[in-house]
């Protein structure tokens with residue numbers, strides 16, 4: 001009897017979710033100055049994220065020389081950011097739901113500012129590592145809350161574009177480090193990493209809270225005020241507000257979120273997709289290549305100064321392609337294109353180092369390696385760099401978004417920490433073998449994306465829940 005009641009309840013929820021489809025509201029299609037400003041303020045944290053990711057590439061020689069660090073000590077320093085981010089990820093979801101999206105970003109900014117200043121004024125490895133962990137914890141918080149916040153405030157027809165600006169600003173931070181790391185001291189670079197955090201601290205006073213979070217905590221009046229600011233003062237926000245409230249109440253009544261809830265059959269599919277994309281993003285080598293681009297170029301015999309400068313110049317235009325295409329092509333085609341490019345270029349980098357080891361074409365392999373590294377980073381930037389976070393922010397319903405988002409973010413940063421720490425040692429083992437492994441992961445990733453990743457282009461968050469309600473049937477039930 002109880003089982004029949006549960007089935008009937010889920011069927012009722014499904015029917016009500018499906019009623020939300022095919023509803024449209026012109027006010028939801030408006031792009032207002034408030035949405036643009038709110039997105040810009042949110043992605044200021046993403047710029048600091050990018051600076052942190054590329055910092056070890058631009059500052060490696062200076063830090064190791066000034067503080068007399070060994071390779072093992074510097075590898076530990078590089079990986080501590082991702083270790084700290086994994087710690088931050090554990091609390092990111094809970095903080096985002098208890099404090100709200102804006103206050104969570106404030107906490108992140110405080111931790112990042114402390115971290116960057118500790119690095120900038122470090123006199124020994126202890127303060128250097130403390131700063132790296134502190135800023136890492138802040139990045140762990142912001143890596144979850146920024147894409148979620150942007151997805152929750154954006155009109156559905158441009159949600160992918162706006163959420164992908166998270167990746168664009170990450171690439172801007174990377175570009176700044178790659179370019180300016182050639183002539184700025186590593187301490188100055190650290191201070192530049194803190195600058196966008198100060199901008200965000202001030203800017204958050206002028207942007208609204210997420211309407212979906214306000215609905216979850218029962219602040220109906222604030223929900224309407226937030227939507228009016230986001231959609232325009234003359235917009236009719238009644239239908240969108242109603243859909244958000246109905247969806248929130250349905251998922252709240254359906255079940256209260258707990259860790260065990262994630263493994264229910266109806267959530268298993270989205271959890272597999274979210275975690276799978278994060279594992280693909282990291283074990284295809286992205287963190288390693290971005291963090292140690294200068295090391296790779298140096299091993300290939302290419303000028304680090306020229307290579308870093310050119311990578312910095314190309315970084316932002318590459319990410320712009322993803323911003324333009326994400327709501328035109330859709331998530332799946334862009335992911336498949338991105339991962340295909342990363343797979344091919346990883347294999348080609350492996351071939352280049354194989355030729356170098358065999359002492360064949362010595363005058364061509366440095367340039368060939370640089371071209372392949374540039375294409376690898378470019379194909380990463382247009383898809384796999386940002387889309388896992390875009391999709392993560394879309395596919396989880398409100399009642400499990402906190403727990404699921406925290407787990408997915410934790411997986412991302414934990415795997416990134418492993419790859420970042422191990423990369424230098426992998427290069428000592430076999431440079432070409434390392435990139436062949438990355439290429440093989442890319443090949444498996446193509447199969448995963450083709451079979452499992454859903455298309456969410458053009459759907460509201462409520463419509464995505466309706467479309468995914470039957471997706472557990474795609475996963476083999478045990």
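Heads up, residue numbers simply count up from 1 along the chain you see.
Glycine is treated like the rest: Cβ placed from N, Cα and C.
As recorded in Swiss-Prot:
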| type | residues | note |
| --- | --- | --- |
| TRANSMEM | 31-51 | transmembrane segment |
| TRANSMEM | 71-91 | transmembrane segment |
| TRANSMEM | 110-130 | transmembrane segment |
| TRANSMEM | 133-153 | transmembrane segment |
| TRANSMEM | 162-180 | transmembrane segment |
| TRANSMEM | 188-208 | transmembrane segment |
| TRANSMEM | 270-290 | transmembrane segment |
| TRANSMEM | 306-326 | transmembrane segment |
| TRANSMEM | 333-353 | transmembrane segment |
| TRANSMEM | 367-387 | transmembrane segment |
| TRANSMEM | 407-427 | transmembrane segment |
| TRANSMEM | 433-453 | transmembrane segment |
Check your understanding: Near the transmembrane segment (270-290), which residues from the same chain, at least 6 beyond its ends, have a CB less than 8 A from one of its CBs?
Key -> 53-54, 57, 82, 174, 262-263, 296, 339, 342-343, 346, 373, 376-377, 380, 384-385, 387-388, 391-392, 395-396, 404, 407-409, 411-412, 415-416, 418-420, 423, 426, 434-435, 438, 441-442, 445, 448-449, 452-454, 468, 471, 475
**Study point:** Within-chain partners of the transmembrane segment (162-180) [C-beta distance under 8 Å, separation at least 6 from its ends]
**Key:** 35, 39-40, 42-44, 46-55, 57-59, 146-147, 150-151, 154, 189, 192-193, 196, 290, 293, 308-309, 311-313, 315-316, 318-320, 322-323, 326, 381, 385-387, 389-390, 393
Practice item. Grab the same-chain neighbours of the transmembrane segment (367-387) for me: Cβ-Cβ under 8 Å, and only residues 6 or more beyond its ends, written as numbers and ranges. Key: 163-164, 166-168, 170-171, 277, 280-281, 284, 286, 289-290, 293, 296-297, 300, 302, 307, 310-311, 314-315, 318-319, 321-322, 325-326, 331, 334-335, 337-342, 345-346, 348-349, 352-353, 361
Check your understanding: Considering pairs 6 or more residues apart, do the transmembrane segment (407-427) and the transmembrane segment (71-91) have at least three CB pairs under 8 Å?
Key -> yes
Review point. Out of 31-51, 110-130, 333-353, which stretch has the largest tally of CB pairs under 8 angstroms to the transmembrane segment (306-326)?
Key: 333-353
Review point. Going along the chain, which residues at least six beyond the ends of the transmembrane segment (433-453) come within the CB cut-off of under 8 Å?
Key: 269, 272-273, 276-277, 280, 283-285, 288, 331-332, 335-336, 339-340, 342-344, 346-347, 349-350, 353, 391, 423, 426-427, 474
